[in-house]
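What TrEMBL says about this protein:
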| type | residues | note |
| --- | --- | --- |
| TRANSMEM | 12-35 | transmembrane segment |
| DOMAIN | 18-146 | domain 'EamA' |
| TRANSMEM | 41-64 | transmembrane segment |
| TRANSMEM | 76-95 | transmembrane segment |
| TRANSMEM | 101-120 | transmembrane segment |
| TRANSMEM | 132-150 | transmembrane segment |
| TRANSMEM | 156-176 | transmembrane segment |
| DOMAIN | 159-292 | domain 'EamA' |
| TRANSMEM | 188-207 | transmembrane segment |
| TRANSMEM | 219-241 | transmembrane segment |
| TRANSMEM | 253-269 | transmembrane segment |
| TRANSMEM | 275-292 | transmembrane segment |
Amino acid sequence: MPTEETARGRDWLRAMPIVFVLLWSTGFIGAKYGLPYVEPLTFLLVRLALVAAVLTLVAVATRAPWPKSWAAAGRIALAGLLVHGVYLSGVFLAIAHGLPAGVTALVVGIQPLLIAALSGPLLGERVNGRQWAGLLLGLAGVGLVVREKFVVDAEHLVGLGYALAALVGITLGTLYQKRHGAAMDLRSGTAIQYAATALVLAVAAPLTETMRIQWTGEFVFALLWLSFVLSVGAIFLLFALIRRGAAAKVSSLFYLTPPVTTLVAWALFDERLGAVALLGMGVAVAGVALVNRS
């Protein structure tokens, strides 16, 4: 007979995907708050350096195990450079170059299909016909959500290129983390990942940006939210989900990010929310449910 502690554990496992989607979806909102006061790579450098320092202290204080070799640490760092460096830099640079957040979300939203296509040959995970149908249905739902904001012209091509780079980063990073980072301790492993990414940004940011920051209340709020709610809370949940589930199933959760982001933007910024977008949300949820059905 299951104990109360076991029941609570099962409830938390069921809630993890929902909590992850809610937290991850606030990323675009945090960027909207913070980017008017700082350039994108500088923003990421400050954010990731702060998180790396805090997580290193946490890992040391709690005596978390560290990688047993430099090779293992290097593999952990590479996964971090893809997920945190390439993905986050691509998203922030795309938005900073004027690409609408909805378009950015749609480009990155192709990720579950790429994961499904690559998880077979790279991870040996089988994606069945029902799951493929769910992935396509989810992408269609995301398209309906952002269709009213889908405007791309010549001046947005640079931003589109950055969004595509973000798509490649999160796709390869998810696959690499699943294959090589499943056994890492979340405290020490993510500290290594953020530190490695911050070191790269410490070189890139001064070469490409002025590194001036306006320390407004909005910027500080966005920095703290993105640093600890996203870079700690959401990333810990993502890696825990990757460790426990098939890559295609976990990646399908990203289909829910644009709908939830749209709802949050509607609530906070009074952005328009039409009937087609509401329909798209329902379609995206149905697609994710189809992928994850036992």
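Placed from the backbone N, Cα and C atoms, the Cβ positions cover glycine too.
Heads up, TrEMBL stuff is auto-annotated, nobody curated it.
Predicted, not measured: the structure shown is a model, and the values here were computed from it.
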Quiz item: In the same chain, who gets a Cβ under 8 Å from the transmembrane segment (76-95) while lying at least 6 residues past its ends?
Solution: 27-28, 31-32, 35, 40-41, 43-44, 48, 67, 101, 104, 107-108, 159-160, 162-170, 172-174, 176-177, 180-181, 184, 189-190, 192-194, 196-197, 200-201, 231, 235
Quiz item: What is the number of residues in the domain 'EamA' (159-292) that are helix, strand and coil, as DSSP sees it?
Solution: 114 helix, 1 strand, 19 coil
Quiz item: Reported in the order helix, strand, coil, what are the DSSP residue counts of the domain 'EamA' (18-146)?
Solution: 106 helix, 1 strand, 22 coil
